[in-house]
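Pulled from TrEMBL, these are the listed features:
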type: TRANSMEM; residues: 21-43; note: transmembrane segment
type: TRANSMEM; residues: 232-252; note: transmembrane segment
type: TRANSMEM; residues: 259-277; note: transmembrane segment
type: TRANSMEM; residues: 315-336; note: transmembrane segment
type: TRANSMEM; residues: 357-379; note: transmembrane segment
type: TRANSMEM; residues: 452-477; note: transmembrane segment
type: TRANSMEM; residues: 498-518; note: transmembrane segment
type: TRANSMEM; residues: 562-585; note: transmembrane segment
type: TRANSMEM; residues: 597-621; note: transmembrane segment
type: TRANSMEM; residues: 637-657; note: transmembrane segment
Amino acid sequence: GTPQKYDPTFKGPIYDRGCTDIICCVLLVIAIVGYVVVGIVAWTHGDPRKVIYPTDSRGQFCGQKGTPNEYGSRCRAHGSPALGVSSGLRRRRVRTFTRRRAVSSPPVQICVSQCPERYLTYLSAYGSGELEYYRRFCVPEFQNLQKVGHGEREDGICDVGFPPSRPVARRCLPAIRAKKGVIMVGNETTYDDGRGRRRNVTELLEGAKKANVVLETRQLAMKIFEDYTVSWYWIIIGLVIAMVASLIFIVLLRFLAGIMVWVMIVLVILVLGYGIFHCYMEYAKLKGEAGSDVSLKDLGFQTDLRVYLHLQQTWLAFLIILCIVEVVIILLLIFLRKRILIAIALIKEASRAVGHIMMSLLFPLCTFFLLCLCIAYWASTAVFLSTSNEAVYKVFNESACQFSGQTCKPETFNTSNVTRLCPDAQCLFAFYGGETAYHKYLIVFQFFNLFMFFWLANFVIALGQVTLAGAFASYYWAFKKPDDMPAFPLFSSFGRALRYHTGSLAFGSLILAIVQVIRVTLEYLDHRLKAADNKFAKFLLSCLKCCFWCLEKFIKFLNRNAYIMIAVYGTNFCTSARNAFFLLMRNIIRVAVLDKVTDFLFFLGKLLIVGSVGILAFFFFTHRIKLVQDTAPPLNYYWVPILTVIVGSYLIAHGFFSVYGMCVDTLFLCFLEDLERNDGSAEKPYFMSPDLKKLLKKTNKGQPDA
């Protein structure tokens, strides 16, 4: 590219500018209107209760107030007791039971008030006078159990037999447990299948295996929830400490950037060193203890993560990882020590810019709020779309029938010709679906919902970037700082971005959204092909995933710098992206070293804040601080609040440092433009700060430094 030439009229971000990329702006508006229409249609047809509450064989919810199954809150499936069933419950519990009917018909599901508590078959119930209890697990229409025969039991009216069950996610599943290595249901190792045969309970194991995983996950979730209920207050205090630490760190950077950077580097090295020491001490303490030498591979996955902390291999892995990180950081500091001085100068300049535009520190809250709106709209629309299918009923029969498999309506089925021509035919709930045009294109709507989420989320991020870039550019191109700056640089930049460059932001975010949707599609295909043996397809898919990951990173980098050029010059997206790319390529060494060194220093700052707050949380929640030892709440898993504080602290620190990162990137591009446009003469003076001029041995001839 051609270096920028001197322009005597250029005094920073151009105010006299026009609208750019109008076509993309119109496309965005049309897409948003279509997105709203899809949301309204989804909310009209969808029913989120289908995600939570189960249904019987007629598609009716279990345990829902105002429904025929209001007092049957659990769902059981007739047939093989290992088959799972759904149930729903609002005030009362309801479960379902399913029994395998004929090959041509689906399992019969009914809503029951409670799951079976003991082994029972029709024959044993008839002989012991427990028919009333047995009737609870027949379809509601069947009343006369004294006349029940083999046909009724086979046709799904009643179950031939059932084992003791327990409710799992409102479903009745066999109460399988292991006692001294022996698989049991209740207190039995065999059960009567209702046909006079004894079967081993291991036959139920495979069918209930996934349900037991769900049960364990649910128990884990309940314990985690209990930990949150007793520790939320202290978690909030930890996040407030992280916010205060981030704010203090940024304020100190303005006045003590050089000292803070070196102190930060030393502290990070010390924090990592302490982590290495602590891991070694834990490793040495476990040496010789019984069971501590078990390998992670032999142990497998455990829901109680505290088990891993009693293994030597766990602390050894932590020790090795921390040592590698420590060595890498020290080597980088040694080889980049000369460039760190220039990076410090950029940080000092960024500190001054942020100091003059303090509202920029709060602007990420606006971006965060808009992103939350995008996520909430996408998630709710996705749920309503996925639950907008209607109950589909089909004709099922045991003998040959011309209407078999056709859709039917339960309300009019008994008066139709089907029952006259096929006496044994039944109109049963088959699945949730639909045959209207809306239901046929549901997958298209889901895809559109995902695409619009990426587009709008990227647009919101782009709006935040171009707003901050315009504000910080007005600081750099003010010859007399801050006298030549506009009164409200942040709001002025925000107004210019929305008024003139909505189309350009939509263009850049559209390109990125397309790449991200392709990546999601590739991940979905990879998930579907995991069970396949086609190695070439897997290899090709892995290559495509890698290529599109690199493409996404490059587009994000290019978009970020293009938005800076848009904020400064008011040009369209393609022109801005081209000018930014060529400007960076003409200064590739400075880009590779200076810009990335500052990114590395900001990463160390976030690491210091997160590490310090994380260590404080670790000592507090593990009762190792004697002054507040009795204050810390008792927990099932102390890692729950610790991880929450660490993740929250990182997000808070990232929010503050993202402003600094955008400021440094903007000042860096303006700095490169300044070097190309001006030469320090009286006619073409430099706009950079005196510190940068001194560091680069540049001067404004014939003029005192501003």
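A Cβ is built for glycine as well, from the same backbone N, Cα and C atoms used for every other residue.
Can you tell me where each of these features sits in this structure?
Among residues of the same chain six or more beyond the transmembrane segment (259-277), those with a C-beta under 8 A of the stretch's C-beta atoms are 249, 252-253, 318-319, 322-323, 325-326, 329-330, 333, 340, 343-344, 347, 601, 604-605, 607-608, 611-612, 615.
Within its own chain, the transmembrane segment (562-585) is flanked in space by residues 1-2, 4, 12-14, 17-18, 20-21, 24, 462, 465-467, 469-470, 473, 477, 493, 496-497, 500-501, 503-505, 507-508, 591, 665-666, 669-670, 672-673, 676, which lie at least six positions past its ends and keep a Cβ under 8 Å from the stretch.
Distant neighbours of the transmembrane segment (597-621): 231, 234, 238, 241-242, 245-246, 249, 261, 264-265, 267-268, 271-272, 274-275, 329, 332, 336, 339-340, 342-343, 346-347, 628, 632, 635, 638, 641-642, 645-646, 649-650, 653-654, 657, 660-661, 664; these residues of the same chain sit at least 6 beyond its ends, with a Cβ under 8 Å from one of its Cβ atoms.
A Cβ distance under 8 Å defines the sequence-distant neighbours of the transmembrane segment (637-657), meaning residues of its chain 6+ beyond its ends; these are 223-224, 227-228, 231, 234-235, 238-239, 242-243, 246-247, 249-250, 304-306, 361, 364-365, 368, 602, 605-606, 609-610, 613-614, 617-618, 621-622.
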Sort out for me which stretch, of 21-43, 232-252, 315-336, 452-477, has the most Cβ pairs below 8 angstroms to the transmembrane segment (357-379).
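It is 452-477 that shares the most Cβ pairs under 8 Å with the transmembrane segment (357-379).
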Name the range, of those listed as 232-252, 315-336, 452-477, 498-518, that has the largest tally of Cβ pairs under 8 Å with the transmembrane segment (21-43).
498-518
By a Cβ-Cβ criterion of under 8 Å, what residues six or more beyond either terminus of the transmembrane segment (452-477) are in contact with it?
10-13, 28, 31-32, 35, 350, 352-353, 356-357, 360, 363-364, 366-367, 370-371, 374-375, 377-378, 485-486, 489-490, 492-494, 496-498, 501, 505-506, 508-510, 512-513, 516-517, 559-560, 563-564, 566-568, 659, 662-663, 665-667, 670-671, 674, 687-688
The transmembrane segment (315-336): which same-chain residues, six or more beyond its ends, come within Cβ distance under 8 Å?
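Cβ under 8 Å, 6 or more out: 265, 268-269, 272-273, 275-276, 279-280, 282-283, 286, 296, 309, 593, 597, 600, 604.
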